[in-house]
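Student: Below you will find the structure I want to go over with you.
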Amino acid sequence: MQTIEVNGASPYEVTIGHNLFKDVAKSMSQLGANQAAIITQPVMGETAKKLVGAIEALGKEATIITVPDAEDGKNLNVAGDCWDVLGRKAFGRKDVIISLGGGAVTDLAGFVAACWMRGIAVIHVPTTLLSMVDAAVGGKTGINTSAGKNLVGAFHEPSGVFIDLDMIATLPDREKISGSAEIIKTGFIADTKILSLYEEDPEACFNVEGYLPELIARSVAVKARVVASDLREAGQREILNYGHTFGHAVELKEKYEWRHGNAVSVGMMFVAALARNRGLITDELYLRHKNILSSVGLPTTYPEGHFAELYQAMLRDKKNRDGRIRFVALIGAGKTIRIEDADRAELIAAYETLNKGGV
């Protein structure tokens, strides 16, 4: 078992290990909660029952709230249904929300907890690789609207995060591939050892008996360091958005049918092309993006003919300032910069590079 501290105004621990449900229940008890609401997805039904058993073994009560899968469960109507259950169960300020699922469930559960009685505790138990290294750590919560992804939300740090490596054995390859994008992202912005591990043996990077536990720990440690210094994304935390400006536009264009990691992968290729065209990074670093991402099955291209729609989506990105599209870019492996003055012609050139297969 490994523990990573996330410092800041409300410090908490990220626990990485095996068979952690008893630890989750113990954490809930230490918070003084009498009951928990486990917000989860249909596919996690039997797993949720096991977590209920661990909680009830300590004399506490647990209620399962099942929400629709993926982004279909991340909207105001679903949040309202969750609050209705909390009301019927007379949830008080000492009680706890537990997320058990992927990133969408993590985001939703955090938002539900942030709003109920102006904020109650939430514990995250992420079950996908993506949520383990992304949504579960950092305190961002949110739901989607027709205007875009995560435009309604709050900053609400969890009281604890439990990454149970046993969950990974049940994941289909497509989930492992998508989650790898966020791990690789942290390699490009901060911890280049991550990149070296993927280059050394991509297959071992999917394996709990191989490099995957180290990759998860390294990625979480990067995010923990960044968010500890900038909870509300006022400055340094923005580096975690590497690949996300174009990536979120792709998700919106594809009506959220693309997996988040796949969209971020294409987003990293887009901004790497933008940086290379400006002379900020070398051809070698640009190709390193393409080689590492493609080695694990992530997309590195996007079809032509959609720039106008993607451009409009980027213009609505919540990271923009004064009407300018803002990108996190690299000036070297592990070194970031902001691009805030890219004109339409530059963006078209980067997009055309993406269309041509990144050459």
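Glycine too: its Cβ is placed from the backbone N, Cα and C atoms.
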Student: What does Swiss-Prot list, out of His156, His260, as binding the same Zn(2+) as Glu182, His244?
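Tutor: The candidate from His156, His260 that Swiss-Prot ties to Zn(2+) along with Glu182, His244 is His260.
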Student: Other than its own, how many Cβ atoms are within 10 Å of the Cβ belonging to His260 (Zn(2+) binding site)?
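Tutor: The answer is 28 other Cβ atoms.
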Student: Pop the Cα-Cα gap between His260 (Zn(2+) binding site) and Asp69 (NAD(+) binding site) into the table, whole Å please.
Tutor: 14
Student: Determine, using Cα-Cα distances only, which of these binding-site residues is closest to Gly103 (NAD(+) binding site): Glu182, His244, His260.
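Tutor: Considering only the listed binding-site residues, the nearest one is His260.
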Student: To the nearest whole angstrom, what is the C-alpha distance linking Val105 (NAD(+) binding site) and His260 (Zn(2+) binding site)?
Tutor: 14
Student: Can you check what DSSP calls Thr128 (NAD(+) binding site), collapsed to helix, strand or coil?
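Tutor: Looking at the DSSP assignment, Thr128 (NAD(+) binding site) belongs to neither helix nor strand, so coil.
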Student: Taking each of Glu182, His244, His260 in turn, which of these binding-site residues have a Cα lying within 10 angstroms of the Cα of Asp107 (NAD(+) binding site)?
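Tutor: So the list reads none.
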